[in-house]
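Colleague: Would you mind keeping the following structure in view while I ask a few things?
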Amino acid sequence: MNYTLTRAERKSQRHYPNETTQSTIDPIEGYLKKNILMGKVTKLLHKIVNWGRKNSLWPYNFGLSCCYVEMVTAFTSVHDVARFGSEVLRASPRQADVMVIAGTPFIKMAPVIQRLYDQMLEPKWVISMGACANSGGMYDIYSVVQGVDKFLPVDIYIPGCPPRPEAYIHALTLLQKTINEERRPLSWVVGEQGIYRKKMLSEKIQNRKKRISVVNLPTSEKI
């Protein structure tokens, strides 16, 4: 069960999220068992479509606080985010693929953020950038949402207060890896209309042994 299937619930009474998630296997394996030729063709189509999607991620020009300054710094010539096909900032959510929540999400701003997200066309992804967007950060008060995942489905979390532009670029590469393993509907008529996502281990778990093995910490001059 290395994949999760997310289906939209049209009759759900909840405002958001109107979806259910369950563990499953890669649907390509089922296609291969039924018909090897059609299974390989379907796998190739998903590979081509995912390649195009992951190399053409247009972010929505949207910022809430100081993390937005670090985000736009990644678009300068020093970092050159154009290498990843993500340099085209869009002023309209209808033309964007990725929404980066960069900053502090206030309670009054939450309905606006959610409405902008709903205006984005599928496929769409969300990156939570910074401690405030991840968990409220230092603002454990009534006016700040304690994490945007309370009302939005977050794909990638970026720790830091604020995170550096390199962290944003790293998040883009992780999102590209996630998109490369996705299985989305290729037609609104044929096949399952849910979204299959591969379960990816968090960077914290993957790098745990590496961090534990560090005994001699480098000095500030070597960093």
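Every residue, even glycine, has its Cβ placed from backbone N, Cα and C.
These came from Swiss-Prot, pasted as-is:
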type    : residues             : note
BINDING : C66, C67, C132, C161 : [4Fe-4S] cluster binding site
REGION  : 1-21                 : region 'Disordered'
Colleague: For C67 ([4Fe-4S] cluster binding site), what is the tally of other C-beta atoms lying within 10 angstroms of its C-beta?
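Modeller: Its Cβ has 27 other Cβ atoms within 10 Å.
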Colleague: Select one residue from C66, C132, C161: among these binding-site residues, choose the one with the most other Cβ atoms within 10 Å of its Cβ.
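Modeller: Sorting the candidates by Cβ neighbours within 10 Å, the top entry is C132.
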Colleague: Around the [4Fe-4S] cluster site recorded as C66, C67, C132, C161, what other same-chain residues have a C-beta within 8 angstroms of the site's C-beta center?
Modeller: S65, E70, A102, G103, T104, M129, G130, A131, A133, G137, G160, P162, P163
Colleague: Looking only at DSSP and grouping its letters into three states, which state does C66 ([4Fe-4S] cluster binding site) belong to?
Modeller: coil
